Amino acid sequence: MPELPEVETVMRGLRTAIEGHKIVHVTLNRHDLRWPFPANLREEMLNQRVVSFSRRAKYILMRLENKWSVLFHLGMSGRMLIGSVGQNEPPPKHEHVIIESEEGVRIGFVDPRRFGAIDLIRTADEASHPLLTKLGLEPLSSKLDGPVLQEMFATKRHTPIKTALLDQRYIAGLGNIYVCEALFKTRIHPERTASSLTEEEAHLLARNIQDILTTAIASGGSSLRDYVQSDGTRGGYQDLHLVYGREGEACRQCSSTEIQRLIQSGRSTFYCPSCQK
DNA sequence: AAGGGCACCTGCGAGC
DNA sequence: TGCTCGCAGGTGCCCT
């Protein structure tokens, strides 16, 4: 589900809701998601003040006063429901973890498909967490530019550009929606080989990736099925999708061609065969 | 060594 | 109405 813009939106919501708060209740409705929770998860969170939040690729880090950081990944269907302690609404299905603050804020981690993950790491060792060490460049970093992109993919003479952009070891944070959108905007066919990008194309692609992500964050992300922002409202970027999820509909650029769908590495790619060569 | 396929799950909409 | 199928914002691992 959530790609970088959605994770960034969720992280900002959490920051606004409970940064500085003291965690006084932690409810674990199960002991695992994708992996077992660390045995000391509840114990290390309890009675700690939340110091800060950050995001690395599609991961959220919550730093605690005791120098432990809680690592969250939302998988395909993870959400963070923000509410008030003592609210009378029945708890939603698949609410696996509930965190409550002394100040009265209630965070529910809901994840129907359970592809999400929660882990604990010493704040000082965050960067060496096994799930974070192999991650590539943050796409919104100023380091991402044409030459870097071209260099990164220079030897990828067999990998389609679509597949290469989804590989988190190169650029970390892009997912299926934003890769499709970025390739469309740059007019690059998704089956082109990653090493075939010209200098000009690499330059434009880098710029378009950053533009699209920035606009998507400003829109609160893309709401397809169940994703909502922390205030419960939907994101707005799905209305700006030019190709993703538009198979069979007219291309918004050339209007003379229907958007096609193809499968690459087992995942749908949406593109316009006329605009993307 | 890189790349493809599978696995992990639940829910929803389309089609019969 | 109710079934089955295909599909879904991800990613680690096993196999070639």
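Every residue gets a Cβ built from N, Cα and C, even glycine.
TrEMBL lists A:Pro2 with the feature active site, schiff-base intermediate with DNA. The active site, proton donor annotation in TrEMBL covers A:Glu3, A:Lys58, A:Arg267. Per TrEMBL, the feature DNA binding site maps to A:His94, A:Arg113, A:Arg157. Residues or ranges marked as domain 'Formamidopyrimidine-DNA glycosylase catalytic' by TrEMBL: A:2-116. Residues annotated as domain 'FPG-type' in TrEMBL: A:242-277.
All features noted in TrEMBL, drawn onto the structure.
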residue  : record                    : Cβ contacts under 8 Å, 6 or more apart
A:Glu3   : active site, proton donor : A:Lys58, A:Gly173, A:Leu174, A:Gly175, A:Asn176, A:Ile177, A:Tyr178, A:Gly221, A:Ser222
A:His94  : DNA binding site          : A:Val110, A:Asp111, A:Pro112, A:Arg114
A:Arg113 : DNA binding site          : A:Gly75, A:Met76, A:Ser77
A:Arg157 : DNA binding site          : A:Thr193, A:Ala194, A:Ser195
A:Arg267 : active site, proton donor : A:Leu166, A:Asn176
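Its own atom aside, the Cβ of the residue listed as 'active site, schiff-base intermediate with DNA' has 24 Cβ atoms within 10 angstroms in the protein chains shown. Put simply, the two farthest-apart Cα atoms among A:His94, A:Arg113, A:Arg157, the recorded binders of DNA, are 43 Å from each other. Secondary structure at A:Arg267 (active site, proton donor), as computed by DSSP, is strand. Secondary structure of the domain 'FPG-type' (A:242-277) per DSSP, as helix, strand and coil residue counts: 0 helix, 12 strand, 24 coil. According to DSSP, A:Lys58 (active site, proton donor) sits in a coil region rather than a helix or strand.
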